[in-house]
Structure formats: structure tokens, C-alpha cells
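Peer 1: According to TrEMBL, the record shows the following:
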type: SIGNAL; residues: 1-18; note: signal peptide
type: TRANSMEM; residues: 28-49; note: transmembrane segment
type: TRANSMEM; residues: 85-105; note: transmembrane segment
type: TRANSMEM; residues: 153-177; note: transmembrane segment
type: TRANSMEM; residues: 197-219; note: transmembrane segment
Amino acid sequence: MYLLPVLVGLTVLPDVDAWHDGSFVEIGGLIGGPFMAATIAILGIVSGFGQLNALMCSSVREIVCLAEMPCQPVPQFLGRLHPRFLTPHIGTMVFSSLLFCLVGTDFTDLVAASMFFDCFSFVLQFAAWIRYRLRTSSDDLDTSLDLGYRAPLGMTGVILLSALPICLCILAVFLTWQEKGTECKIGFFGTFAVSTLMYWLQPAASGALASSSSAPLLAGTH
């Protein structure tokens, strides 16, 4: 998907160091004139809008799920739905306001930050899966509860299946850390401090995730 346009661009502008934001529009102008340049620019705008819309719709729904679950460091008002459209309007406005602060950020920095935090979260998810399987077995589960799909793998299979993606994620985190340096450290430790503070401030009284009333919320792959 990305390789073909890049290869075509290299035939026109072989000096990669000369590439910058908007180079594909320039390349389109060199190949097909102003019409192609304008077409690429318009399609780029539509594509960017579509990706932003998809990001808003999917990420805010994750916030809603966390807000509805007990013992999660997310304020419940962020999960409030619009009475008519049933959309998380408050969470959407808050999330879009935070994204607006990143308008002036360099695109490569946004990609690096997204890659860093995505890979770091994937490592935590695989680690949580391994830890869960170490502490439970099929015999420990209450079959009367709908706890979602349980992968038909033993402990060895879970570890082997998780090993490659964990190693790739750790490599991506390390390379991003090496390339971005100070910005990466500030973002990582800042996010860690804020999320830890929110977790500690969350009242524990809302608590029993293990209770039967909240057990269906734990449904998922395990």
C-alpha cells in the first residue's frame, strides 16, 4: 500500500533527504501536472479526515468502557452517552480538545509517539495474559459465567505465541527511545506519573471486580 507510491516518488525525486511534508503533492505535479497535484492534495485531506474520524470513534469508545468498569482510573462522566444519538459526546469533546493541542506537532513525532505507546501497551497486554494463565486453569473457571473465549493453549503455547510479538514490541520501543531521546523520556515518565496518580486517587470502595455482578465485564480472550 505504501511501497508503490514511495517507489514511484523515488523515480522522480531520488534524494530522500529532500522529501518533506507535501512531497507527494510535488511528485504528483512533476508527473501529471497541476491536476494530479491537486487531486493528491484533496485525497490526502479526505484520507486524513477519515483517519481522524476513525481514531475519534474507536478511542473514545475505549474510554467509555473504562468509565463503565469499576476500579478504573477514568471519571464516569466521560462515559456519559447522548440521550438521543447514544454517542459519548462528553468524552469526544474532551478527547478532541486534547488532540487539538497536538496540531502543531511534527508528523514524525506523532508517529513515533503512537508507535512507542502502542508497543508498550501491547507488551503489558501480553504480560497480563501470561500472568492470568499462570494463576488460573480451565478447572478454576465457573462455567455458569460468560467469561468469553479461552484460547485452547497450554501455558507453553501461550508463552510461545506471545514471545515473538513481545520481542518485536520491545525492539520498537527501544529504537524509538534511542531515536527520540529526551522527548520520548518526557512523554513516557509524564504519562506514567499521571496514570499512576489517577489510579491512586480512584476510590477503592467501588471495588469488587471479582463479584458476580461485574464478572461479565471481564469477558474477553484469555
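Keep in mind that glycine also has a Cβ here, set from the backbone N, Cα and C atoms.
How buried are the listed features, and what sits near them?
Peer 2: Counting same-chain residues at least six beyond the ends of the transmembrane segment (28-49), those with a Cβ under 8 angstroms from any Cβ of the stretch are 8, 12-13, 22.
Long-range contacts of the transmembrane segment (85-105) within its own chain (CB-CB distance under 8 A, at least 6 residues past either end) are made by residues 52, 56, 59-61, 63-64, 67, 77-79.
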